[in-house]
């Protein structure tokens, strides 16, 4: 599903690589935590999977496609199979909950009929039925993140990438978000979640990939956040 | 492609940057209007050349006291000259008739001019119009019944160099304005893209095609270009009605200046519109490619 082969990423402005000779494989339907301190390369890892950046060395393979050799016009097609969730939600403030979710389908040219059907379905799934016509500013942080997850999931991606999705949320709200991500994972969607939240990592006991200064230092199934932390 | 979506994005974009949009439209309109004026002047010049250059190149005006013998001698000398392609004689009566026709719009001038005030003349077409001095030398002024030899081509050359200068100046200003318009378009599009960066970022992430993301911006610029072009065409029409057809009515009817007809404006209007839309769209596209990550 996702494979990195000896991936090194150097940013022009920095002398130290953001990722150095990272190799790993993530199977379909896995739930993986990507952990490490700030600047350890987690975000770079996720950016490479989205082909927001190209690796300096090595190969990145997503859904059977080698991204290095992929032409520019194929990138949108790749991204339609990947959902993204961020710490800062990234909702459109002037659109309602339903419009925010529908936006993701409208811009990839889904028929209006489909949109009308699937948007309420996914809003119900994330627990936002009845709030379809609210604006993001009228929602709590946890609810806003649910909208973002609904938007990321509405097109049924094969992979869901989450970059510190609970970073702005209190522990109880975070727990709700994690239950939701787990539920999405159970539908067969691969979930890769970068996080600092050791409570979550420790309680979920899923595979953990740890990056340290751009180097993959641990890859453990059913891992915890840190041994000597 | 979802037409409604794209159109509503275009409308929102234009409204959000209203002041920039107005500036963009106005500079585009001025630039295209000047370009149209330049094209109309160019057309006018070529019409005028047809009117004038085909006619006489050298006029030999005869003195009032010219004798029949002198006139016949000049006629004969012209007939024998290898430099002369063709020549015609114009009597005082014919000169007056032509004068009446040319200035029919100014009856006072015609009334105040006695029929014998205009000199008789030979109108001479040269084999090579540049060889005016040879003819001038053969017929010295004030001798043998010749009053004056005038090189009409020389006058026309000066007239046309003046008109060409006017055309070039107009087009030069149009080009400078076009540059300003292009920079404004580029700026407006950058601003629009910045204003909508949240939307475009999400579009990029959920896999909207490049076209889908860029089209609203390009259409926004193209629409502004089209409005600018329509204003420019309107400006040309108003100029024709209020200036050319009124102020220049006399010389036009006298055949001195060719009229600016509706056909000419109809002909250049699509050129102006295409230039406005095309340049704006290309400027927007290039801007998006160079400056905006989409």
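Cβ atoms here come from the backbone N, Cα and C positions, even for glycine.
Record features, source TrEMBL:
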TRANSMEM  B:21-45  transmembrane segment
DOMAIN    B:56-149  domain 'FtsX extracellular'
TRANSMEM  B:169-194  transmembrane segment
DOMAIN    B:172-289  domain 'ABC3 transporter permease C-terminal'
TRANSMEM  B:215-242  transmembrane segment
TRANSMEM  B:262-288  transmembrane segment
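Within its own chain, the transmembrane segment (B:21-45) is flanked in space by residues 14, 160, 163-164, 166-167, 170-171, 173-174, 177-178, 180-181, 184-185, 188, 221, 224-225, 227-229, 231-233, 235-236, 239, 257-258, 260, 264-265, 268-269, 271-272, 275-276, 280, which lie at least six positions past its ends and keep a Cβ under 8 Å from the stretch. Listed by sequence, the residues of this chain that lie at least six past the ends of the transmembrane segment (B:169-194) yet keep a Cβ under 8 A from its Cβ atoms are 13, 16-17, 20-21, 23-24, 27-28, 30-32, 34-35, 37-38, 41, 200, 217, 220-221, 224-225, 228, 279-280, 283-284, 286-288, 291-292, 294. Remark: secondary structure over the domain 'ABC3 transporter permease C-terminal' (B:172-289) totals 105 helix, 0 strand, 13 coil, with classes taken from DSSP. Note: the domain 'FtsX extracellular' (B:56-149) comprises 39 helix, 22 strand, 33 coil (DSSP; helix = H, G, I, strand = E, B).
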